[in-house]
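J.: Taken from Swiss-Prot, the feature compositional bias 'Low complexity' applies to 140-156, 312-385. According to Swiss-Prot, the compositional bias 'Polar residues' annotation covers 188-197, 494-513. Taken from Swiss-Prot, the feature domain 'PDZ' covers 1-84. According to Swiss-Prot, the domain 'LIM zinc-binding 1' annotation covers 549-607. What Swiss-Prot records for 608-667 is domain 'LIM zinc-binding 2', and it gives sequence analysis as the kind of evidence. The domain 'LIM zinc-binding 3' annotation in Swiss-Prot covers 668-727. Positions annotated as phosphoserine by Swiss-Prot, on the basis of similarity to another entry: Ser44, Ser121, Ser123, Ser217, Ser223. Under the heading omega-N-methylarginine, Swiss-Prot lists Arg219, Arg516, Arg533, citing similarity to another entry as support.
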Amino acid sequence: MSYSVTLTGPGPWGFRLQGGKDFNMPLTISRITPGSKAAQSQLSQGDLVVAIDGVNTDTMTHLEAQNKIKSASYNLSLTLQKSKRPIPISTTAPPVQTPLPVIPHQKDPALDTNGSLVAPSPSPEARASPGTPGTPELRPTFSPAFSRPSAFSSLAEASDPGPPRASLRAKTSPEGARDLLGPKALPGSSQPRQYNNPIGLYSAETLREMAQMYQMSLRGKASGVGLPGGSLPIKDLAVDSASPVYQAVIKSQNKPEDEADEWARRSSNLQSRSFRILAQMTGTEFMQDPDEEALRRSSTPIEHAPVCTSQATTPLLPASAQPPAAASPSAASPPLATAAAHTAIASASTTAPASSPADSPRPQASSYSPAVAASSAPATHTSYSEGPAAPAPKPRVVTTASIRPSVYQPVPASTYSPSPGANYSPTPYTPSPAPAYTPSPAPAYTPSPVPTYTPSPAPAYTPSPAPNYNPAPSVAYSGGPAEPASRPPWVTDDSFSQKFAPGKSTTSISKQTLPRGGPAYTPAGPQVPPLARGTVQRAERFPASSRTPLCGHCNNVIRGPFLVAMGRSWHPEEFTCAYCKTSLADVCFVEEQNNVYCERCYEQFFAPLCAKCNTKIMGEVMHALRQTWHTTCFVCAACKKPFGNSLFHMEDGEPYCEKDYINLFSTKCHGCDFPVEAGDKFIEALGHTWHDTCFICAVCHVNLEGQPFYSKKDRPLCKKHAHTINL
């Protein structure tokens, strides 16, 4: 429902906005100041602002709406729409009028809850004696809502009083207890009592139970039964034999001794599923998840006992299978009824069992001893050995050294069929990967084949090496020697001392570093300083001598006279023009695009045109103004000197050097005689141009920019020195 409100100005208006187009939500009133103009105009919080001074707010941002309200001249007209927000529902439950008793130690018995007087308390003779139970006298005093028995009261009779009740016992006397047994209250009172809480901490039943327990403590002190000092009896332990936890404890205690030991061994050796997956990834899954028979066999051999067990851990095994004697009576006791439990507690029996059923699994934890864990670990390795154990020298055949020739050298299949086939016997390989990988690969790769196998660089970079290099690796890696892998090479190889004598060196190493023949001469040659494009060069003749250079064209040794050009040597008959094949021995040539040309061919095909004389440029070329010039054609229009690599200025389409351009065309300052360059501040006065810092008084040198001045003999003067005679 829309409605319009007009607020009389001026501001403040007394409301706050929220939302807008930039917040992707409509403009709403978020807050109204109490007593303000907005509150007096019946604006409600949460109403939607549809229009401000007749302007729709659908396209307004939050800032635009604020500015629109601020710009209101005198009155502010708002078109609002009632919020569709539902009425908040209270989440708290309505208060329940329940009758609560009067608190005896905080309420005067002569006053009611609302302060009205009640009947006076009866005489002390009418009160109940300490020996009689106070329950019949309390029942007609309280309302029916509190007269019914509850489970809390029955349990409170059998429970041990806590510290609050002990403090009550210390502070009250027997006479005070008799007063508590007969409190005064209005019968049938239904008004709520003061200082109470939902759990009934100060209810009548709680006070009655406290008084009854205090009476029982006094009777126990008088009869001499119970603990010394008149304290309350200790509660007997109530065992719920029907609970699943109790049944599981009894079942674990009644297990036979061998089954308990077997469970302890399995719990100490088995691993979780994540450890089994990790073992499969690392290749050690043969050690995981053993069956029960293997575990039983691992603990039965006698030869492992003296190695792994100790005197401190041996007595733990027989003791772990026996349940504690103190826990067995409580475990076998039948469930007690509720009435029997109260009777046993009322008699103040102190013969409760010393241990609870929760202590029964404790000896099971001691069944795991280092003896079992240590003896089962080595037995796991021996239980999986199917057949005779492989000796230490045998695994030497399964090494990287025996497999390398098949990867690097394409030796025929007949070479590997006789000897390595016999060495790859299933004895060390088939049982498990453990015995095959026990020797480290480092000592297996150090025997004599390592220094003798010295291939040339060609097989290392080509997938198929030359056939003449095959015999060397095949001899070095043919078969596996029967010697153990742990023995050093100077023991297994008889010629080790001759090979590695201090004064000897192998020739195979020199073959690796030195090539068989000289490398092919590439046309690159030594680096020559680069020349400018189009530079005319000439070859230099050299007579025959002891020097034997290589020709830059045919890459052959030159016998006899030769030419030297562009940093290389040439046969005289092979140093020709790339186009007309004319010999360049006695004529000039030009290098262009990695080729040499005679002057005539270069002028015809490659030489650029000069922009001034319109002829071919042979030699150094000047590039300026996006054109090519002879160095002698591109000169200053005033002094006719070539520019070279210096700066020049253009004026009326002609180039000028910097000196002539300043003298001819630049504006000079009349004060300092220096040119006024572009970007400099200048002043035009007295028919001349001045720098802004040069237009000063000729006498006192005060800057006259923007100031009145006088002139005398074409020089500016300030007002103070205007009548100066001598200048």
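Each residue, glycine too, has its Cβ placed from N, Cα and C.
Set these features in their place in the structure for me.
T.: For the domain 'LIM zinc-binding 3' (668-727), the model's pLDDT averages out at 83.
For Ser44 (phosphoserine), the count of additional Cβ atoms within 10 Å of its Cβ stands at 13 [all protein chains shown].
A sphere of 10 angstroms centred on the C-beta of Ser217 (phosphoserine) encloses 21 other C-beta atoms. In the three-state DSSP scheme, Ser217 (phosphoserine) is classed as helix.
With a cut-off of 8 Å between CB atoms and residues at least 6 apart in sequence, the same chain places nothing near Arg219 (omega-N-methylarginine).
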J.: Mind tallying the domain 'LIM zinc-binding 3' (668-727) by DSSP state, helix then strand then coil?
T.: 0 helix, 18 strand, 42 coil
J.: For Ser217 (phosphoserine) and Ser44 (phosphoserine), what Cα-Cα distance in Å is obtained after rounding to a whole number?
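T.: Cα to Cα, Ser217 (phosphoserine) and Ser44 (phosphoserine) are separated by 68 Å.
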